[in-house]
């Protein structure tokens with residue numbers, strides 16, 4: 001049977017300069033697309049309720065946008081009746097404040113099914129012209145059913161959100177955050193007493209992970225951890241942001257007594273998040289793993305052994321300025337807050353600004369682009385500061401970086417180098433694939449969630465066809481460049497042989513607006529992956545020992561562990577235990593890549 005690949009693009013049709021937005025709607029929910037008046041999930045064409053806030057006459061920008069999209073995709077013009085009914089029905093539903101309605105009220109999120117390279121090129125071109133934001137892609141192998149369907153279904157687009165402003169409103173912390181959804185609220189402060197069982201008898205032990213936390217809460221929480229666990233935890237700064245904030249990090253490790261004049265070369269693993277400001281789940285996940293390691297020392301045999309072998313540097317957000325901005329102004333902001341050549345388009349993409357294989361030519365003339373890489377390598381201040389810190393650790397502090405994990409969202413992928421080109425192969429490709437598969441298995445055993453493992457260059461590429469016999473892609477469509485990434489720089493320039501970028505939950509149902517209920521489950525599954533990585537770097541045989549549960553929340557739902565967590569690397573159904581065999585890794589050789 002011939003198999004094709006279904007490619008879905010998530011993008012925001014924004015009515016102003018670049019807004020980022022995307023959440024797929026749940027199955028069975030119908031939405032009336034503003035340009036057509038048609039329901040995307042119904043068999044007929046009823047006019048259904050549209051939850052977009054109060055109806056506003058379309059602006060000139062909106063009319064221009066719609067006409068271009070209609071010309072590209074052949075969408076029929078909507079009639080007056082459908083527009084009137086849509087407006088009337090959209091008045092009542094949204095509970096989002098006026099500030100969010102004003103910013104996001106006209107935005108819609110669509111999923112397009114791409115079948116040809118020409119359609120892909122047309123959509124990418126239209127997205128660039130209209131400053132639309134592509135959230136991501138996903139591909140599924142399906143039978144060649146499209147040829148049996150009428151053209152209207154073959155070219156249909158599926159709305160993925162009915163009320164973006166409401167979805168953003170619901171994503172903010174419940175307890176009086178300093179956000180545009182609570183314009184009168186003051187900045188929250190972290191209160192240690194608020195997290196005790198006595199004051200919150202019906203909550204889990206650590207209330208910190210029951211919601212997304214702003215920087216004003218995150219920093220005091222980090223200081224509190226250091227004061228409580230000073231024997232193996234220190235608070236450091238790995239740089240300064242464009243707006244003058246420190247980039248805080250927690251260094252966790254147990255240093256044995258050494259009488260030598262020079263300390264032994266210390267192996268270090270870096271876990272970072274928050275490079276893209278809107279990806280809140282990455283900030284919470286780094287914090288969760290840090291808390292689990294800090295509180296697990298002396299209680300968990302796995303954690304105790306790892307902290308005796310490695311220093312872990314946890315950087316919850318490498319983009320504090322952007323993170324603060326997502327709480328105060330724009331929930332879907334992606335870049336940092338650095339000034340550019342256009343005063344009304346600030347910000348540089350921190351994961352496109354690193355020095356290795358930097359390629360900003362595609363966005364050099366457009367600072368408004370969400371992927372703007374700056375005028376040159378390391379123009380983004382935060383990327384330059386972290387790179388300088390890492391180099392100094394190697395040259396002055398006798399540090400050897402053994403691993404690097406950069407957390408992002410979303411799509412549930414474990415990506416290894418290289419991102420800039422699939423033609424450039426890493427020297428230890430087999431080892432990267434082997435450990436990547438082990439991380440995915442650790443996640444699957446802890447939560448039953450599936451994470452795909454692939455090269456970073458294929459994380460944003462979709463294929464339209466497969467070669468017979470080899471199942472290799474015949475044609476690939478790159479949605480955006482991933483040159484200049486932290487992943488590639490740490491691997492190549494800093495020689496961190498085990499570098500990964502992990503894209504966290506989910507696969508598109510919520511996108512960047514992942515509900516707070518996913519914070520603890522996501523943290524737990526990535527905690528298990530980080531533990532597995534540490535054990536692999538120590539010795540493959542250590543993977544056979546226990547992996548204890550983290551100490552940062554309630555127990556996992558599937559209860560698939562014994563008391564010591566021995567089952568981490570056992571396949572379901574009693575299959576033999578998975579064993580890693582790390583092969584010899586030769587010296588770094590650019591010619592072999």
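Keep in mind that glycine also has a Cβ here, set from the backbone N, Cα and C atoms.
Just so it is clear, the model here is predicted, and its values are computed rather than measured.
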Which range of 27-50, 51-74, 75-98 is region 'Disordered', per Swiss-Prot: 75-98
Segment assigned the feature region 'Disordered' in Swiss-Prot (from 110-140, 141-171, 172-202): 172-202
Residue from 334, 337, 364, 391 that Swiss-Prot also lists as binding substrate with 276, 277, 278, 279, 351, 352, 409, 410: 334
Minimum Cα separation from residue 408 (Zn(2+) binding site), reported as the residue among binding-site residues 276, 278, 334, 352 that achieves it: 276
Distance, residue 361 (N-linked glycosylation site) to residue 278 (substrate binding site) (CA atoms, angstrom): 25
Neighbour tally for residue 410 (substrate binding site), based on other Cβ positions within 10 Å of its Cβ: 25
Pairwise Cα distance for residue 361 (N-linked glycosylation site)/residue 352 (substrate binding site) [Å, integer]: 11
Near-site residues: Zn(2+), ref 276, 279, 408, CB cutoff 8 A to centroid: 273, 274, 275, 277, 278, 282, 334, 351, 407, 409, 503, 512
For residue 408 (Zn(2+) binding site): DSSP state (helix, strand, coil): strand
Length of the line joining the Cα atoms of residue 279 (Zn(2+) binding site) and residue 334 (substrate binding site), in Å: 8
Protein Cβ atoms within 10 Å of residue 361 (N-linked glycosylation site), excluding its own: 10
